[in-house]
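Noted in Swiss-Prot for the protein shown:
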TRANSMEM  24-44  transmembrane segment
TRANSMEM  57-77  transmembrane segment
TRANSMEM  99-119  transmembrane segment
TRANSMEM  124-144  transmembrane segment
TRANSMEM  150-170  transmembrane segment
TRANSMEM  183-203  transmembrane segment
TRANSMEM  227-247  transmembrane segment
TRANSMEM  323-343  transmembrane segment
TRANSMEM  347-367  transmembrane segment
TRANSMEM  395-415  transmembrane segment
TRANSMEM  418-438  transmembrane segment
TRANSMEM  484-504  transmembrane segment
Amino acid sequence: MIWHVQNENFILDSTRIFMKAFHLLLFHGSFIFPECILIFGLILLLMIDSTSDQKDIPWLYFISSTSLVMSITALLFRWREEPMISFSGNFQTNNFNEIFQFLILLCSTLCIPLSVEYIECTEMAITEFLLFVLTATLGGMFLCGANDSITIFVAPECFSLCSYLLSGYTKRDVRSNEATTKYLLMGGASSSILVHGFSWLYGSSGGEIELQEIVNGLIKTQMYNSPGISIALIFITVGIGFKLSPAPSHQWTPDVYEGSPTPVVAFLSVTSKVAASASATRIFDIPFYFSSNEWHLLLEILAILSMILGNLIAITQTSMKRMLAYSSIGQIGYVIIGIIVGDSNDGYASMITYMLFYISMNLGTFARIVSFGLRTGTDNIRDYAGLYTKDPFLALSSALCLLSLGGLPPLAGFFGKLHLFWCGWQAGLYFLVSIGLLTSVVSIYYYLKIIKLLMTGRNQEITPHVRNYRRSPLRSNNSIELSMIVCVIASTIPGISMNPIIAIAQDTLF
């Protein structure tokens with residue numbers, strides 16, 4: 001009898017929850033239509049996997065890619081609509097949020113074809129991989145549109161949990177297990193620090209959780225210049241710093257890059273930074289509006305440390321993935337310049353433009369690492385010596401992406417950095433921009449060193465790995481080459497196409 005009553009209560013509670021969710025989607029579903037497409041894609045993946053055999057594997061890739069493309073299309077159709085706040089103030093849709101969501105979807109769309117051959121060769125579980133990628137993408141999109149402190153905390157946890165699982169996907173690999181453990185421990189600690197910072201904001205604002213209402217609450221309570229706000233700023237900066245991985249919050253990055261499967265590293269290296277940058281701009285610009293001098297100083301210190309340490313340590317690396325890990329630390333220092341500049345001198349527009357180019361440059365480089373690693377089983381920089389003699393396409397595309405990362409003209413990376421540094425210079429960040437220019441020169445050195453190795457070999461000799469290198473037929477690795485071609489084209493956009501890109505980015509103001 002007791003069991004029967006409990007069962008009825010469970011059914012009633014479940015029905016109420018379902019009806020509440022249906023009501024929210026019915027009246028607010030249009031606000032999160034791109035996210036709903038991904039949710040539908042996730043459900044479809046689970047249904048097909050549970051009812052099909054190995055012959056339907058291509059359908060899994062097709063459904064995942066189609067869901068992402070349809071979500072991008074839905075975002076583009078919604079472009080230039082009036083800003084809207086939905087779900088009782090928890091979620092906001094505007095051009096600024098949507099362009100970051102577009103960047104995250106673009107990353108995921110490029111990463112799936114990049115992963116196909118790797119998954120087949122390593123015999124990884126395909127469905128789970130695609131589910132984690134789509135779920136992480138969904139979490140990143142919700143983080144971009146988050147409008148209150150609770151959603152800002154929960155959304156990155158959705159992204160982070162999938163990231164931990166993806167990082168440890170090759171369970172038999174000791175390095176992967178070590179990387180996942182470090183990633184999980186650091187991620188858990190940073191989440192605790194972040195929520196502690198939000199608790200200080202919550203108390204200081206009189207119990208408000210929405211970003212704009214926190215500002216109004218701080219004015220009412222006269223706490224906007226209190227020590228509690230400074231404490232909240234420090235804790236939140238440290239918490240967000242883990243996601244952005246600037247120095248000195250970068251300790252996990254090289255180990256995770258080296259130990260995780262290469263397609264996973266490619267995915268995490270761009271999506272996490274895009275989502276965290278979107279969140280950081282809103283958090284610093286709105287709740288900490290009255291503490292702009294303080295958070296500007298904090299971010300300047302992080303940017304300087306990141307640009308110097310990231311680029312200097314990258315010179316000493318022998319692993320290609322570890323080198324890109326430290327390179328990404330330096331790159332996030334450049335992005336932070338745009339966050340500091342803000343709206344006043346097109347800082348956000350320059351940051352968005354540079355991140356768009358960074359996605360193509362970085363994913364193009366990782367596509368080369370995936371392709372070479374599958375043929376040789378190594379990612380040691382010295383083992384790339386003389387690759388041009390065996391695979392000219394791979395060597396040339398790698399060279400273009402690396403040169404663009406270094407910021408050499410007339411490639412896209414040069415114009416992205418130029419606009420970013422110019423906006424910083426106009427905002428009076430002379431020292432920060434000078435450090436950025438100097439460290440960019442340092443980065444060119446280690447990129448050119450790799451390119452020289454690719455083209456001429458070490459002492460005019462090729463390594464045994466390259467000597468035994470066998471390029472697969474086009475039909476077997478066309479997915480990686482497709483991603484690489486798209487990324488190379490995007491990395492070599494001439495300066496003439498910068499103006500429309502910057503104009504679109506300038507429409508993303510709050």
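Even glycines carry a Cβ here, placed using N, Cα and C.
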For the transmembrane segment (150-170), what are the same-chain contacts with Cβ under 8 Å, counting residues 6+ beyond its ends?
90-91, 122, 124-125, 128-129, 132-133, 135-136, 138-140, 142-143, 176-177, 179-180, 183-184, 187, 191, 194-195, 198, 209, 243, 256, 259-261, 264, 267-268, 271-272, 275-276, 279, 283
When only pairs 6 or more apart in sequence are counted, do the transmembrane segment (124-144) and the transmembrane segment (57-77) reach 3 or more Cβ pairs under 8 Å?
yes
May I ask whether the transmembrane segment (57-77) has at least three C-beta pairs under 8 Å with the transmembrane segment (347-367), counting pairs 6 or more apart in sequence?
no
Can you say which of 99-119, 183-203, 323-343 has the most Cβ pairs under 8 Å with the transmembrane segment (484-504)?
99-119
Six or more residues out from either end of the transmembrane segment (323-343), which same-chain residues have a Cβ under 8 Å from its Cβ atoms?
244-247, 250, 253-254, 256-258, 269, 273, 277, 280-281, 284-285, 296, 299-300, 302-307, 309-311, 313-314, 317, 350-352, 354-355, 358, 362, 365-366, 369, 381, 405, 417, 420-421, 423-424, 427, 429, 432-433, 436, 439, 443, 446, 450, 509-510
Report, as numbers and ranges, every residue of the chain located at least six residues beyond the transmembrane segment (99-119) whose Cβ falls under 8 Å of a Cβ in that stretch; write 'none' if there are none.
34, 61, 64-65, 68-69, 71-72, 75-76, 126, 129-130, 133-134, 136-137, 140-141, 144-145, 261-263, 266-267, 270-271, 274-275, 277-278, 352, 355-356, 359, 363, 366-367, 370-371, 374, 476-477, 479-480, 482-483, 486-487, 504-505, 508
Surrounding residues of the transmembrane segment (395-415) on its own chain - C-beta under 8 Å, 6+ positions past either end:
327, 331, 357-358, 360-362, 364-365, 367-368, 387-388, 440, 443-444, 447-448, 450-451, 454-455, 484-485, 487-488, 490-495, 498
Long-range Cβ neighbours of the transmembrane segment (183-203) (under 8 Å; 6 or more residues past either end):
149, 152-153, 156-157, 160, 163-164, 167, 209, 214, 228-229, 231-243, 249, 251-252, 255-256, 287
